[in-house]
Amino acid sequence: MKIAVLGAGAWGTALAVQACGRHAVRLWARDPQQAAQMRSLRRNQRYLKDRVLPAALQVGADLDAALEHAAGGLVVIATPMAALPQMLAAVRERLPAGTPTLWLCKGLQHGSAQLAHEIAQEVWPGGPTGVLSGPSFALEVARGQPTALVAASADPAVCQRAVDAFHGDGLRVYTAGDVVGVEVGGAVKNVLAIATGIADGMLLDGADPATGLGLNARAALITRGLAEMTRFGLALGARPETFMGLSGLGDLVLTATGGLSRNRQVGLRLAQGQPLALILVELGHVAEGVHCARSVAQRAEALGVEMPITQAVVRVLEGRWSAAQALEALMGRDARPEH
Ligand SMILES: NC(=O)C1=CN([C@@H]2O[C@H](COP(=O)(O)OP(=O)(O)OC[C@H]3O[C@@H](n4cnc5c(N)ncnc54)[C@H](O)[C@@H]3O)[C@@H](O)[C@H]2O)C=CC1
Ligand SMILES: O=C(CO)COP(=O)(O)O
């Protein structure tokens, strides 16, 4: 199969590397200098430096050439959420016959608070599109470590194309029809990973500094966070079982507890009092939870859905609350039935 991966960050590079053993893969980087460096060093020095790029992987900065390569095969949009509308518009314009297209980004659009498939409905109505999500740190996939993903689309043929492209060689690709649920899981888990990072980074008198507020607190945040994610998703029309799957509980556990998570790292450093702007510069990668926390909170509020952990993360990100104030607010809420 001919595959174009649009976006040469950590995740796009990892999936391109994974697929190029069996398919003709072309990886598009928006920066010509980065593309040239990747071709000469056979490494993505900026975003995924630990993995040598296989000789078979083509890398370039010509978007037209990448899309032409993928005609009739598969397009994978691997940019952050912010670039999704322009990427979808490019695919629609340059591949008018319609080539199956998946996005990997996890979030809600800043401002409009739209999920990815809602953007696609506007930019490319009826296009053969879907989402590929699930618990997957790029570095582990690039190293060939076992990983399970889920491809979701209203069109089963798009899911099948994702399976044909990526299933095998250490990757399992499950399929689903619940696009809303899969996208909500991927977006909200990033916000919750910031929350657990904050909790794990806080210092409490008499507690082990290595575990911050403690393991009990972390488990409570993950569980109550899952309840928030599920409430929000159900209000948007998702199916409850999706939140027990790879893109819900699976990705939440990975990102909230895994040291490789950028969103978790943001939380850990916020708890130490570091300024957000500095954290983001030093991170050098996108942390989607930072960009979408406010959109999640706004959309939840409009739907009448309570998301107290998300609200607390928004206030900490915006500098309106310290980590200690967020803790006090969450622990001070009235008692209630669990379900
Ligand atoms: N890194 C990971 O382990 C995983 C990441 N994701 C999601 O995939 C998306 C991309 O993440 P990463 O590759 O890790 O990010 P990254 O920060 O490593 O790289 C982002 C890439 O997108 C490019 N980019 C940024 N703005 C762009 C624009 N306007 N137009 C074109 N390209 C643009 C950058 O040049 C860079 O190549 C995010 O939504 C992330 O949440 C999903 C699963 C795993
Ligand atoms: O989505 C991811 C893993 O599934 C990556 O999470 P981070 O963006 O927090 O690193």
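Glycine is treated like the rest: Cβ placed from N, Cα and C.
Bear in mind that the values here come from a model prediction, so they are computed numbers and not experimental data.
The candidate list Arg231, Arg239, Arg262, Arg264 contains one residue that TrEMBL assigns to the NAD(+) site with Gly7, Ala8, Gly9, Ala10, Trp11, Gly12, Ala138, namely Arg262.
Within 8 Å of the centroid defined by the CB atoms of Lys106, Arg262, Asn263, the record's substrate site, lie the Cβ atoms of Asn190, Ala193, Thr255, Ser261, Val286, Ala287, Glu288, Gly289, excluding the listed residues themselves. By the rule that a residue counts when its Cβ sits under 6 Å from some atom of ligand 2, the binding-site residues Gly9, Arg30, Ala138, Asp251 yield Asp251. Helix, strand and coil counts under DSSP for the domain 'Glycerol-3-phosphate dehydrogenase NAD-dependent C-terminal' (178-327) come to 113 helix, 0 strand, 37 coil. Within the same chain, residues at least 6 positions away in sequence whose Cβ sits under 8 Å from that of Glu288 (NADPH binding site) are Pro80, Met81, Cys105, Lys106, Gly107, Ala187, Asn190, Asn263. If you measure from the Cα atom of Val286 (NADPH binding site) to that of Ala138 (NAD(+) binding site), you get 13 Å. With a cut-off of under 6 Å between the Cβ and any atom of ligand 1, the binding-site residues Gly7, Ala8, Tyr47, Lys106, Ser261, Val286 reduce to Gly7, Ala8, Tyr47, Lys106, Val286. Residue environment of Arg262 (NAD(+) binding site) contains 23 other Cβ atoms, counted within 10 Å of its Cβ in all protein chains.
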